[in-house]
Amino acid sequence: MSSNPSLFSRIIHGSLVLQIIVGIALAVILASVSASAASQVAFLGDFFVGALKAIAPILVFVLVASSIANQKKNSHTNMRPIISLYLIGTFAAALTAVLLSFSFPTTLVLVTGIEGSNPPQGIAEVLNTLLFKLVDNPVNALMTGNYIGILAWGIGLGIALHHGTDATKAVLNDISHGVSQMVRFVIRLAPLGIFGLVAGTVAATGFDALAGYAQLLMVLVGAMLIMALVVNPLIVYLKIKRNPYPLVLKCLRGSGVTAFFTRSSAANIPVNMALCEELKLHEDTYSVSIPLGATVNMGGAAITITVLTLAAAHTLGVQVDFVTALLLSVMASVAACGASGVAGGSLLLIPLACSLFGISNDIAMQVVAVGFIIGVVQDSAETALNSSTDVLFTAAACEAAEAKANS
């Protein structure tokens, strides 16, 4: 005699996307009815993001070490084409931002700069920071979420254990599966976590503060939408030679939605890993490409840096020719790849880009302050684009390699 599944069982095995949509709707309703009540449930969002950030470093370290240690001879990880796609995507994002900024010139109402901010003094400093993150203490890298360092030590341990005994490799593989199971549990908390994040955000801002920056937000979000729905699909089509939209939409739905609300590429790594597993991608590939993408695949950051820099130039009446704009695209692309190595991310790399037009640091920091005001939307959209693209390009490279092998 069959029995109806319990409510708990239905929740555990139900559609995660549908549950997230319900959570968003309930959060908006709660914040509209009672801002104080919405503020009190905001801790659920902090708890969820904290759980993701806590599990992500150990997940990356164990998965990378396990996949390399257990890698079969003559197997290919397709990392070179994935890294190429990351770089092409980031530059295309900066170029898209330039074209949209030229089409819709934006003037900023500058405000007081952010106190205590310490932007990098040049591109050399950004690259220097990234280089030294490679040789960070492994324990410190795990504690601070330094994914460049975690990748380096994970790869090193994996190579060292590749020649170890089968028993050692089996233990590492079992630990990897155990951590992955913990990640699945944390991801099931997404509807509750996003409910708290949305409720807290709407209660705190009401989005009234964003009204004065409507055009700037339209250019920023518009550029990111064009990248997500036009440029990225075109890049993927050239790679896999078939309709890219089923894959694009699956990545946006499975990765972008969660990333939009967590506003953290690092926190979204476990979500992306689970999506890659669902897509049946090569574990040896995605265990490296996803954390690497969370560090260097920064199309959204390139858009933010480019749009706000050109908005500052337009506000000050600085004439920008096409060659200079092209140079800005290159600089924004390189700077964006180092965004994860700078406290404050893409916003604090804006002074670096502004220096290209001779804009003073004082003015540049006022532009950064504008970025913090619109950060609720800007950072969410930027993270959603960055994170979903990690899975998209990984899947495209894996599919192209598989098609080539079968031909």
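Cβ coordinates come from backbone N, Cα and C, glycine included.
These numbers come from a predicted model, not from an experiment.
In Swiss-Prot this protein carries:
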type	residues	note
TRANSMEM	11-31	transmembrane segment
TRANSMEM	43-63	transmembrane segment
TRANSMEM	82-102	transmembrane segment
TRANSMEM	141-161	transmembrane segment
TRANSMEM	192-212	transmembrane segment
TRANSMEM	216-236	transmembrane segment
TRANSMEM	298-318	transmembrane segment
TRANSMEM	339-359	transmembrane segment
TRANSMEM	363-383	transmembrane segment
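Counting Cβ pairs closer than 8 Å to the transmembrane segment (216-236), the top stretch among 43-63, 82-102, 141-161, 363-383 is 82-102.
The stretch in closest packing with the transmembrane segment (43-63), judged by the count of Cβ pairs under 8 Å and taken from 82-102, 141-161, 298-318, 363-383, is 141-161. The largest share of C-beta pairs under 8 angstroms with the transmembrane segment (298-318) comes from 82-102, of the ranges 82-102, 141-161, 363-383.
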